[in-house]
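Going by TrEMBL, these are the annotated features:
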SIGNAL    1-25  signal peptide
DOMAIN    91-164  domain 'PA'
TRANSMEM  185-207  transmembrane segment
TRANSMEM  247-265  transmembrane segment
TRANSMEM  271-294  transmembrane segment
TRANSMEM  315-333  transmembrane segment
TRANSMEM  363-384  transmembrane segment
TRANSMEM  426-445  transmembrane segment
TRANSMEM  457-479  transmembrane segment
TRANSMEM  504-523  transmembrane segment
Amino acid sequence: MSIPSRRRCAPALLFFLISLSLASADPAQDDGPKSPSCDNPFELVKVKSWVDGIEGEDIAGLTARFGGLLPTRADKSQRFPAVFSDPLNCCSNSSTKLSGSVVLSIRGDCSFTAKAEVAQSRGAIALLVINDQEELYKMVCSENDTSPNISIPVVMIPKSAGDVLNKSVMDKHVEILLYAPEVPLIDLGVVFLWLMAVGTILIASLCQEFGGSELSDRYNQLSPKDSAETTKDDSDKEVLDITAKSAVVFVISASTFLVLLYFFMSSWFVWILIVLFCIGGVQGMHNCIMMLILRKCRNCSKKMLNLPFFGEVSVVSFVIALLCVSFGIVWAVQRRASYSWIGQDILGICLMITVLQMARLPNIMVATVLLSCAFVYDIFWVFLSPLIFHESVMIAVARGDNSGGESIPMLLRVPKFFDPWGGDNMVGFGDILFPGLLISFAFRYDKENKKTLAGGYFLWLMIGYGIGLCFTYLALYLMDGHGQPALLYLVPCTLGNQVLESALADYFVCLFLYIYIYICMYVHI
């Protein structure tokens, strides 16, 4: 089977590989005034329920700034019957006894501390406040009530969970168990994801050594050259040179596409992206496998087949193409399975390696324009878009809010192996491709100018990229899970290192980066 030329697929591939810096988001709310009795950490809570002895699905909740602390393990907690307060808002006392029960109350009409005090005075073991929205609002003390005498745990649960419990409590016996499992400081999935992201760029750069792509004189200088001197006929090299104009146009197009996804995303739209991802991933896998085979066996491609519509193709290429297509179809069908992340990552890595070999930066000026635009793009759609759209457009699209939870496959993901809450660690293709283009350029520049590994740019840019990823996950941890634009940290850690060369300049760049990242993490832009 003849695989279409990479040059012809370049515009479509680059257009859909949008920088989606994904991370779980938590609503940013005021933490309120603090005091010794109102200074509890916000902790995610697992609410386990049993209806007539049959265990139901776990519910996620969030503890309040005040009240008692919950055990960290389920075997250290106990099951208690669940009852609704009377009145439902739990704002006033009644003759109903709630001793030995977990009380359910709706949000509103009085402060959270007032609800907790009423429930505690009537003998409740714990209080569950049902929010009027799906978000887990942070329950804090009010300005005039910073020293509540509350010893029972107080937990907020989303509206949908409250509706389920409401239907069960009305005519069935419901028991509830509460505990707050500890989340590991560092998940092995993050380490594995870091290795995949760094490894993808490293492999894509080193593949230029034996991938059949020729180096040309245009990489001899870091400064831009006149197009008449640098432009060569690349029709037979399958190479797409990125210009400063195309870099700006691409980022504008990516922004437009992101807004379209935000307003019009649906399950069928995501399916279109899945098909495009499979086509690009299958082509990338075919190219990577054939590159390895032809490196080991130059004569393997000499046996040919004459196929209708495709003409003459090598037997090896045809067989590998069938295997790759089968792999892509199996992943698309099983993409919701627990192990589907493996196939998605394999297809994604092969696709990005192919794109990084195909698309090239001609000089440092274009690299600066591209990464600077991507830098602004990532920050705007994560941090500043809520000022216009009332929520982060990037995070909303990444979560698949308007597509029934179906997420875009343009990312690498690894499960959180030891996190009791599950979920995935993710990094968008753009967070690998944009810095990867710069690092690949540096590799070609160092090779053409015969620079040593330590004396060139490639090694230090790879180190800078790895450090930038570490800063990204550190910021995610320090921000309590607020979505972070990875390019906010990756661009300064790579582009700044390439632009300035002297030791003194490097010192000031490092000093600037430390101050810059500190401000970004704690001021939150």
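Glycine too: its Cβ is placed from the backbone N, Cα and C atoms.
Values in this document were obtained by computation on a predicted structure and should not be read as measured data.
Mean per-residue pLDDT, taken over the domain 'PA' (91-164), amounts to 82. The stretch in closest packing with the transmembrane segment (315-333), judged by the count of Cβ pairs under 8 Å and taken from 247-265, 271-294, 363-384, 457-479, is 271-294. With pairs at least 6 apart in sequence, the transmembrane segment (363-384) and the transmembrane segment (247-265) have 3 or more Cβ pairs within the 8 Å limit; the two touch. According to DSSP, the domain 'PA' (91-164) comprises 16 helix, 14 strand, 44 coil.
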